[in-house]
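Residues or ranges marked as transmembrane segment in TrEMBL: 12-31, 43-67, 87-106, 126-145, 157-178, 190-212, 232-254, 274-301, 313-333, 353-376, 388-408, 414-434.
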Amino acid sequence: MTIKTHIKENFHLAYPVMLSNLGHVLMGFTDNIMVGHVGATELAAAGLATVAFNVLLLFGIGVSYAITPLVAEADGKKDDRSIVETLRHGLVINVINALLLAGVVYVGKRVLYHIGQPQEVIDKSIPFLSIITFSLIPVLIFQTFKQFAEGLSNTRVAMIIMVGSNVVNVLLNYMLIYGHGGFPAMGLVGSGWATFSSRVFMALAIAGYIYFAPEFRRFRGGFVLGNYSRALFSRMLHIGVPSGAQFIFEVAAFDFSLVMMGWLGTKTQAAHQIAINLATISYMTTAGLAAAATIRVSYFLGRNDVKNMKRAAYTLLGMALVFMSACALGFVFGRHWLPALYVDDAEVLRIAASLMIIAGLFQLSDGTQVVCISALRGLQDVKTPSLFIFIAYWIIGLPLGYGLAFKAGFGSSGIWLGLSIGLTLTALAMFFRLRLLMNRIPVKLHVPVPANEV
């Protein structure tokens, strides 16, 4: 396959994931706007509950990522039996994981009363958290089928369902929060039920599509209970659990940076939130290219096609760097007017502008690390990358950021510089790790792959 063909196929796989990720961001954005119209306390309560919930949700999503590389590799080998078994085992793992994580939230939610937050915020946060906790089950069922479909190079189905889920969520928010369509006005609790219901819709829609669509008909055995393999469970958990840990290490590092920003004052914390929000948009978009990296690398691994594996990985990395370069320029040159879309406080805008410059500088590192981590996942290499992430953020980045901010007098910029250094170290480590492992794979004879089969 030529470089041009790789770029075309990469984009074909990546753009639905990009749109799906942006849809996820849009759902949270819409929830905040609609809850915000109820009151500031309700908005704060929703934010607190969501932060607590998302840490465990992201771990669950990370565990589900084990499905894609195994399915894609089996697809490369044309091994339908292994694909079916991966789906069956993945469903069991993710449902059990959802129940365990929901139990953790249910037991641990009272901890919110002991973290120094206003009483009225906690009182409204707990009922909302209790409701959205139940959505872990449909979310991880959705993730099972989403990762399965993506392993078979179908990334469009999840995108379409995500769009539909957003519509359902907005309509239910309108009816349940404000009391329309015969429903009582439930405020924040109504938003919780809308979120839960939209996620049930997602799970039912994708399960129904996978079961009935002709292209997936031969994999219906994945819905049937039967004998299970301890070896396959073990293999999937060895990929999934470290992938979940990667999410926790990275997300928790940025969450803790928010705590440190709070030590510098409310305005600094607000500026940090603005810059993080903008950086998240670029990251979530690039994550579409990262998803394609897992799919393509795994597929060519199954084909024993090392040449095209390398081309796929490096062209995806190049595409990410081009996109993130554009984002970097946008952040630097838009450092004044982009934050102004959020607030009109002069001090917050001044701090945010300085952080946007640093955000621009680490865009290339962010794009590199997310694509390389995903390509490594395609090679089923997850434990060493997890260790790299932990060291880069928690041993180097955060302590360095603390020192620069509070000892060297750099303030908020110091915290971001520390995170940027951690991110850059992660990117370098992942790139050289990926290059090393791909060069170690023996080159074997293979049947050329037509472009329309990838």
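Here the Cβ of each residue, glycine as well, is placed from N, Cα and C on the backbone.
Heads up, TrEMBL stuff is auto-annotated, nobody curated it.
It should be emphasised that the depicted structure is a prediction, and the values quoted were computed from it without experimental measurement.
Within the chain, the transmembrane segment (313-333) has long-range Cβ neighbours (under 8 A, six or more residues past its boundaries) at 3, 6-7, 10-11, 14, 278-279, 282, 285-286, 289-290, 292-293, 296-297, 356-357, 359-361, 363-364, 366-368, 370-372, 375, 431, 434, 438. 274-301 is the stretch from 43-67, 232-254, 274-301, 353-376, 388-408 with the greatest number of Cβ pairs below 8 Å to the transmembrane segment (12-31). Proximity of the transmembrane segment (190-212) to the transmembrane segment (274-301) is not established, fewer than 3 Cβ-Cβ distances being under 8 Å for residue pairs spaced 6 or more apart. Three or more CB pairs closer than 8 A are found between the transmembrane segment (43-67) and the transmembrane segment (232-254), so contact between the two stretches is assigned (pairs 6 or more residues apart). Same-chain residues lying 6 or more positions outside the transmembrane segment (274-301) and placing a CB less than 8 Å from one of its CB atoms are 9-10, 13-22, 24-25, 65, 68-73, 75-76, 150-151, 153, 155, 254, 258, 308-309, 312-313, 316-317, 319-320, 323-324, 327, 331, 338-339, 342-343, 348, 352, 355-356, 359, 363, 366-367, 370-375, 377-379, 416, 441, 449, 454.
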